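Following: one structure in structure tokens, then a few remarks.
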Amino acid sequence: MARLGRVVLVRLAGSLPVLLIVLVGVFVLLDSAGGDAVDAYLLSMGGGDAQMAAELRARYGLDGSVLNRLLFTLGQYARGDLGWSIALNRPIGPVIAERLPNTLWLMGSATALSFLLGSALGVLAGRRPGSVLDRVLSGGSLFLYSIPSFWLGLVLAVVFAVQLRWLPVSGIETIASGKAGLARAADIARHLVLPVAALGMIYLALFLRIMRSGMAEAWGQDFTLAARARGLPDWRITLNHAARNALLPLVTMLGLQSAAMLGGSVVIESVFAIPGFGRLAQEAVAGRDAPLLLAVILTSALMVVIANLLVDLAYGWLDPRVGSGAGHD
Amino acid sequence: MTRPFLRRPEALLGGAILLALILIAGLAPLIAPGDPLAIAGRPLIPPFTDAGLPLGTDRLGRDLLAELIHGARTSVAVGLSAALVAVFAGMTVGTAAGFAGGAIEAALMRIVDAFQIVPGFLLALAFVSVMGPSLWVVVLAIALGAWTGPARLARARVLSLRESDFVAAAKVMGMSPAEIAFRQIMPLALPPVLAVASVIVAAAVLTEAALSFLGLGDPNSVTWGAMIAEGRNQLRSAAYLSIIPGIALVLTVISTYLVGEALTDSLTGRDKR
Amino acid sequence: MFATISRRGVLTGTAALLASTALPRLALAQGGGRLIVAADSEPRQLNPAIVASNGVFFISSKVIEPLAEASYDAGGLKPLLATGWEGSEDGLSITFALREGVSWHDGTPFTSADVAFSAMEVWKPLQNIGRSLFANLETVETPDPLTAIFRFSKPTPLQLIANALPVVSSVLPKHVYEGSDIAENPANRALIGTGPFKWGDYRPGEYYLLTRNDSYWGEGLPHLDDIVFRVLPDRAAAASSLEAGEVHLAAFSSVPLADLDRIAKVPGLSVVTRGYEALTYQLTVEINHRTGILSDLKVRQAIAHAIDKDFVLDTIFLGYAEKATGPVPANDPTFYTPDVTTYPFDIAAAKDLLDEAGYREGPGGTRFSLRLLPAPYFAETRQFGDYLRQALAAIGIDAQIVPHDAAGHIKAVYTDHAFDLAIAPTVFRADPAISTTILVRSGQPDGVPFSNQGGYANPDLDALIDEALVTLDPGKRVALYKDFQRMVTADLPLINVADWSFTSVVADSVTGVATNPRWVVSNWAETGLSE
């Protein structure tokens with residue numbers, strides 16, 4: 001266990017320079033934008049005079065040079081302070097803490113859905129490659145993969161929320177309901193059904209295809225033929241041998257997709273009005289709020305780093321030939 | 001190279017659709033001359049009711065068919081350019097890293113890491129908002145999130161080729177390291193990268209649509225994503241406005257995948273069936 | 001099912017869970033009830049005394065009240081915190097009589113000291129509109145707790161101040177703000193006012209909750225138990241939520257115009273266009289007069305002739321707008337005059353004007369190119385941008401749309417002046433002196449949004465604007481502003497295309513809707529829910 005802890009620490013420390021590159025890059029990018037946080041603020045106020053704009057810029061330290069502001073931000077991070085959001089007029093730490101769970105729920109559930117359903121269907125499809133069932137499943141999943149997620153989300157919302165009224169149209173939970181405990185959890189779950197379906201269906205194809213080809217490969221190999229000769233039932237062969245064969249590439253895909261999934265949730269959050277990370281990023285960009293955008297992107301990057309770390313650990317556990325932490329390149 | 005295509009009806013179908021699409025994109029100014037954004041008739045004519053405007057008109061009375069045809073041009077252009085930029089940038093960085101080794105390699109690969117851990121769409125969103133949504137900015141924004149794959153593939157290939165005999169021979173012949181890297185090695189690293197290029201094209205078309213959906217498309221050119229985004233406000237009253245470009249988008253992405261898959265199998269010499 | 005869980009609701013968590021599996025419907029508590037409203041944005045600063053904007057008023061006007069509210073009755077004003085106002089002969093002072101028996105939400109009585117503090121410490125030095133409107137305000141005297149006398153250094157028309165009251169006069173509690181950094185006071189995020197509703201809760205990205213003020217000064221008011229502003233930034237989501245019965249009211253045209261026809265036919269929902277008269281927007285083409293070509297009046301006239309206003313009204317606004325004749329909207333009861341220069345849609349005339357100006361068609365039929373920057377923050381300004389590009393192409397002007405997001409647009413147009421034509425949603429706020437003359441008056445420093453940043457300078461027009469500002473007699477003031485409209489339409493420092501207002505989609509159960517010309521941004525004391 002101590003070895004594991006060290007691996008985790010080393011990996012996280014190793015990603016520090018990368019995070020620094022991300023930080024500086026995003027800072028410079030946002031600084032080159034036309035308009036700053038005060039322009040965005042004046043717009044929301046419906047105008048203001050020149051002196052007011054100057055006072056506001058001084059108040060939020062926007063009149064300093066890029067380098068000064070970058071160093072100031074870095075200094076804040078070093079002290080563990082995420083800084084102050086100009087657009088929201090609040091400290092950034094609590095904002096991130098509020099929004100992160102929503103996105104994690106959305107992403108986590110969508111990943112679980114696409115992984116489980118995708119691999120289950122992949123087993124079915126790979127059982128008899130080229131069969132009608134295989135063609136329907138493969139074709140259907142490819143079709144889903146080709147649909148823009150926002151479009152799928154809009155259609156799902158119209159059908160299941162507006163027409164059938166089975167599920168809520170948008171939001172993460174019933175507003176100001178005063179619910180707690182299980183009732184609240186059930187409420188959040190109901191709100192997550194449509195967005196998770198819209199996001200998860202899209203990535204289903206990825207897992208289905210990997211499982212399918214893994215299965216197809218395994219079925220032609222000696223050990224499955226031998227198992228069959230020994231009279232083992234098909235479902236046991238499927239689980240014990242073939243599925244196992246496809247597990248490693250599946251887990252790899254899980255890591256690779258974590259960043260894409262996070263990006264995809266931006267659009268889904270917008271369609272379903274879920275106050276998560278993606279919408280926070282949009283608000284930060286629209287408000288030209290460099291500290292907030294930095295914090296959002298850094299946290300996202302950190303999440304991807306952690307996801308990949310977990311994948312590597314899982315890799316080492318699934319396949320003892322690979323040492324933990326060496327699952328790269 | 002032709003065999004896998006002929007053996008797979010899906011790939012054949014995908015290829016046919018893609019070919020038709022590229023033809024339409026290339027010939028758009030001939031098939032639908034004039035500005036596709038010009039107002040051609042009454043607003044919101046439903047499809048198949050007016051022979052002059054077979055697919056009807058949008059909110060401002062623009063010809064939907066003309067928009068669709070010119071949209072194909074933008075979608076193909078954005079998809080291909082983004083993939084081209086991503087592949088070119090990725091190959092260059094990957095080859096340079098793999099061939100140079102040492103500190104340069106470490107530094108370049110850390111930059112690759114940095115781009116890989118930032119969600120590409122988030123980066124694209126920030127980039128387009130900051131730079132202003134012109135078509136080239138959108139292409140660059142998409143490429144920003146897509147070049148790391150080719151970079152890794154190219155580097156892996158270069159690493160395996162670096163010590164091979166013909167590189168040694170080239171050194172003996174007095175070729176400069178840069179020449180060896182980009183003239184001799186890079187072409188050999190191309191096949192695996194090209195195999196992923198089709199995925200990049202398809203993803204680029206989808207990303208462009210998502211950006212347009214969030215209002216970050218170029219208003220001077222027609223794109224299917226912008227058409228869907230425009231039409232979604234009338235999703236309930238005039239669904240055809242977003243369904244027609246939606247179908248075009250899905251067809252394009254599917255056919256790109258199908259062709260890409262066949263291409264991958266033949267390029268990497270792997271054929272499952 | 002949310003409406004069953006009102007303040008008076010007795011449902012337990014389990015029962016609510018059971019109810020949640022049933023169809024969501026608007027079961028309403030008797031009397032009272034919870035009104036759920038769609039809100040499309042979350043203002044960073046909610047203090048209406050500092051930020052006098054409609055986005056802020058939408059939420060904060062229920063908590064913090066102004067001295068007077070706009071009214072459909074003659075005179076146009078309904079007293080709120082002030083019961084009367086009177087100007088002196090010389091125009092140097094205005095005396096307000098204040099309402100008796102009003103208390104702040106924390107129980108402290110409301111007095112003239114609060115008004116004096118708000119005027120001198122907030123409206124004049126901090127407020128986006130008050131900074132210019134109250135520039136000449138010297139002191140506010142408080143001879144007794146219910147009288148406030150505003151003293152000005154220059155003659156100030158009572159008509160102007162009265163017209164501005166609903167917008168500029170939100171009163172803050174002195175005891176909460178005194179001695180603090182007002183702009184950063186915590187009460188700006190948990191408002192304390194005298195209004196019919198108290199601040200309840202705010203969950204960023206989700207909702208604002210306002211609850212009934214049981215000790216409100218209005219007899220038997222308010223009717224509602226509470227108001228929830230649900231944050232729904234996506235316009236399609238607002239429409240779906242209304243249809244699914246999750247929201248009672250979507251204001252500020254948050255349901256796309258194109259969807260209104262359909263949604264008006266949904267049983268239980270109505271489209272309401274009243275309640276916005278005092279916040280009329282104009283669709284305006286801003287012109288950069290630094291661009292040599294555009295400094296030629298003939299070119300500006302040609303552009304005005306090239307715009308088919310009927311098409312704009314029918315297609316972009318789907319009938320929910322009027323043709324603009326000049327910088328004052330036709331629905332203003334006091335200042336508007338139709339007796340101005342008009343520019344009917346006439347492509348031939350437009351082409352002739354361009355020929356006369358010396359800009360002949362080049363190869364391909366193009367005379368010259370321009371940069372066109374439509375404001376990105378309204379669907380209508382963006383769509384008009386698409387239209388104007390086509391309209392200008394028809395007379396041989398190649399307009400390239402330069403896209404920006406909101407902040408980028410503000411910077412490009414109002415600070416960098418990197419535009420030739422821009423499309424702005426300018427606001428008329430009941431009096432031309434509040435936010436209209438600034439659009440054409442010269443001498444605006446760079447970086448002031450929604451002001452004359454096109455470099456237009458006309459000494460005659462400037463003189464007229466300055467004279468009207470110190471003219472006390474209402475009749476003379478009105479006459480001067482009619483001349484103002486004539487001069488603007490004759491010389492075209494900008495082109496007004498449409499007077500446009502918003503629409504609300506309201507559930508039929510909501511009562512007391514659109515009761516005044518600023519209804520959506522007023523206090524909703526008289527709004528209720530019926531079965």
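Cβ from N, Cα, C; glycine included.
From a predicted model like this one, the values you see are computed outputs, not experimental measurements.
Annotated features in TrEMBL:
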TRANSMEM  A:12-30  transmembrane segment
DOMAIN    A:100-315  domain 'ABC transmembrane type-1'
TRANSMEM  A:104-124  transmembrane segment
TRANSMEM  A:136-162  transmembrane segment
TRANSMEM  A:188-208  transmembrane segment
TRANSMEM  A:246-272  transmembrane segment
TRANSMEM  A:292-311  transmembrane segment
(Q) Ranking A:12-30, A:104-124, A:136-162, A:246-272, A:292-311 by the number of C-beta pairs under 8 Å to the transmembrane segment (A:188-208), which range is first? (A) A:104-124
Q) Top stretch among A:12-30, A:104-124, A:246-272, A:292-311 for CB pairs under 8 A with the transmembrane segment (A:136-162)? A) A:246-272
Q: Quickly jot the same-chain residues contacting the transmembrane segment (A:12-30) by Cβ under 8 Å, restricted to those at least six beyond its ends, or write none.
A: 66, 69-70, 73-74, 77, 285, 288, 290, 293-294, 297-298, 301-302, 305, 309
Q | Positions on the same chain near the transmembrane segment (A:104-124), where near means CB under 8 A and six or more residues out | A | 133-134, 137, 141, 188, 192, 195-197, 199-212, 214-215, 238, 242-243, 246, 250, 254, 257-258, 261-262, 265, 268-269, 274, 276
